[in-house]
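Here's the structure, in structure tokens; my notes come after.
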Amino acid sequence: MSSVIGRRAAGGGGGGFCGLLFVVLSCLRVLQAQDENQVVFSLGTFQNVSVPVNGSVQAVVSRIPADVAFITLQFHTQHRNATLSYRSVPVYGSSLTAVDSGLLFLLLPSQTSLSCYLLAPDGDPVAGTGVLLPYTSADPVPGACNLEFPLENDPNIYLRYNLFETTIRFSAANIGHERGVSPPACDVDTGPGTRWRLEYDVYQYFLPENDLTEQSLISSMERAAIVSSMMENGRKLMTLSSRDSTQVSFNSIPGQGVIYSIIVRDPLTNTSASYIPVHTYACSFTSILDGCTTLGKISTKVFFTIAGLAGLFVCFLGHRFFKCGDIYIFFIPAVRLTLTAVMGVVGGVILVMTWWRFGSVMACVVVVGLILGFLVSSIVFFTPLGDLAVFRNDVVFWLTFSCIVLVVPLFFIRFPREGNIITCGVVGAYTVVLAVNAYTYTSLSYITLDVLKRLLNNNFSRAFITVPLQNIDFIMITVWVVLAVSGIVVQLYRERSRPFFPPSPYVMWCQERERRKTNVLDPSHHTPAFPARLLARLRQLTRPAEPAGERTPLLL
């Protein structure tokens, strides 16, 4: 009996050990699972984070220095939404869902660590990069005077875009303060000791052209997130005072990656802080029709290929084939829109028919000069001159634009042939650039497109129209210049000994008819008119055949 009891006791002891071991292993699995869903950040260091489907990741940072007054966390993905939340369960007012999202943490006096949560809201895994940036009490606090968006302190930039423009909005900042100290009131006073002394610098950073890769975006975000790096690599567009509107518009460039950032500065303490940068490609990665990867339709490529070949023909032979050249030059400035393209064709046909019927080339020369003036004026406003504040007024812009357009034809009145040849060379070569744009992005296509946008959209005047000029653009500028100069030289050489303009076919026909009427020595003078010849031919066909037989000619 005792031996049996002893064996049972031994068995019971072994079972207890196994149960204890099972509990320990379960705890280790839980701890391991928690570690897998937790990411430890270091201040100022970018960290790649993957959020599982319907899961969350806790972002943790510790050992925060005592001189840090607040911290911003920013997280960026290429095109999928991610949710940043102060709590494990997101609620309105404590979380934000966006492609580029951020949170701001005002630290307590003895706080040395903090945590927040990243979630995947759309049922798909999300991968991106994040960073926590520390700021001192002397730095301005971005978004601390928010009165518009859900977060109490909102350092985010809110972006939306359409075909014409991209608009960003942000909340006003506040001056810095120590830990545990109540922040200064935002709108009680407007003196130099308040947030009204702050200034906002708007920066723009272009990603490499034709590069839609995630790696390119991440490396660019690492340059744009930090104040000193953005000031060094980005382009400063404007500076806003605290009394200016917190909304800025830019030109939409589908397929071109752009990062926008705002750096708030305190002139009194000479300090600054960055809002959360945002990016856009002005297109959708999830759309099948006209998405970022399918911007160029087959029909568009075919159309611009034919237009480019025709432009090459006009560049070298446009003046020789006057009718074709005029129709083409009238048509090309309107090819970006279907309706205006049809109007361009109709206008070109009417212009050529006027020359064909009346024989006057001055109307054609003036219109061709206006087309070249339109292109020259578009080039002028494509430069940084187009972003000057004075040209945001529609009256000033269109008056200046029209004056440039009207000045160019004055040269054509004195030198009509040379002006027409120059127009054929410049416009024909530019069409070749547009044809290349159908296959690979080039910013030169926006020379005329920006003018059409401003004509069709009343709000486009407020948008910055800057576009990137990168390697492909400089190559296309070289191609444009070489083709234009070559076409002009070739046509001037070919036409040096010919009449200034080809004669009108109708006028030539009228002159030939008068010559036949008055010149009796011309054999064609005795030729019957066309109706008489046609009637004689019909009579010959209906006349019965004469009997065959021998005929003797009469001797005179």
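Placement of Cβ uses the backbone N, Cα and C atoms for every residue, glycine included.
Copied from TrEMBL, the annotated features are:
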- 1-33: signal peptide (SIGNAL)
- 302-322: transmembrane segment (TRANSMEM)
- 328-353: transmembrane segment (TRANSMEM)
- 336-492: domain 'TM7S3/TM198-like' (DOMAIN)
- 360-383: transmembrane segment (TRANSMEM)
- 395-413: transmembrane segment (TRANSMEM)
- 420-441: transmembrane segment (TRANSMEM)
- 474-493: transmembrane segment (TRANSMEM)
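Only sequence-distant pairs (6 or more apart) were considered; of these, fewer than three Cβ pairs between the transmembrane segment (302-322) and the transmembrane segment (395-413) are under 8 A, so the stretches are not in contact. Counting only same-chain residues 6+ beyond the ends of the transmembrane segment (395-413), those with a CB under 8 A from a CB of the stretch are 362, 365-366, 368-370, 372-374, 376-377, 380-381, 419-420, 451, 454, 461. A Cβ distance under 8 Å defines the sequence-distant neighbours of the transmembrane segment (474-493), meaning residues of its chain 6+ beyond its ends; these are 312, 315-320, 418, 421-422, 424-426, 428-430, 432-433, 436, 442, 444.
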